[in-house]
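Asks: As annotated in TrEMBL:
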type	residues	note
BINDING	89, 94, 170, 175	Zn(2+) binding site
COMPBIAS	1-10	compositional bias 'Basic residues'
COMPBIAS	11-24	compositional bias 'Polar residues'
REGION	1-24	region 'Disordered'
Ligand SMILES: [Zn+2]
């Protein structure tokens, strides 16, 4: 539960003017800190503590099975969160897959062409392609006796993980005020911190994925740094 919520009444539904405002910043102008980096929102969490213990391989569990189960859980949870704000993520509000002041992710087509898609189209494409992978017994085997593919499975999950990071980064950048209005920031932060901890433990995310290029930084790269310096995440 949000301790913030106990002191303050639930915020009203976003007004037209608020939803048109650049959600990256607060009311102080374009150079102000994004709300997700401000107290108390940046540190709101369901539980305090380090995530190391819940990302490590449990005894007697196959490592690929463990990664597969976690990918499935992150997929399900991220889908639920996106479902809550999907009405606000439209072709009109989010014509690009933005994730920082100068960063718009491009989608790579099967012909290896980089194209700009609106955020809802980009996110739908990621979610349906991941759903197809999860349903594919050759990629995510569920029957006993069937093995994970030793070479291709790690490559596939790393790709999926990077796409999930982009969805988190877009939601934080463009829709954090809607997460706040739902008073869901402790849940969303906890999910993202768990996601980052798991990604680092299993080498599914490179530092560069989280930070972005210096000229086009990922907004949540700073949140990652903040959580590392507070000890929430391993440095
Ligand atoms: Zn959006």
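Residue 1 is the first one shown; counting continues down the chain.
Placed from the backbone N, Cα and C atoms, the Cβ positions cover glycine too.
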Asks: Suppose the Zn(2+) site is 89, 94, 170, 175. Which further residues of the same chain have a Cβ inside 8 angstroms of that site's Cβ centroid?
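Replies: Checked against the 8 Å cutoff, the neighbours are 85, 88, 93, 98, 119, 120, 123, 171, 173, 174.
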Asks: If you count, for each of the binding-site residues 170, 175, the other Cβ atoms lying within 10 Å of its Cβ, which residue has the minimum?
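Replies: 175, out of the binding-site residues 170, 175, has the fewest neighbouring Cβ atoms within 10 Å.
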Asks: In the three-state scheme derived from DSSP, which category covers residue 94 (Zn(2+) binding site)?
Replies: coil
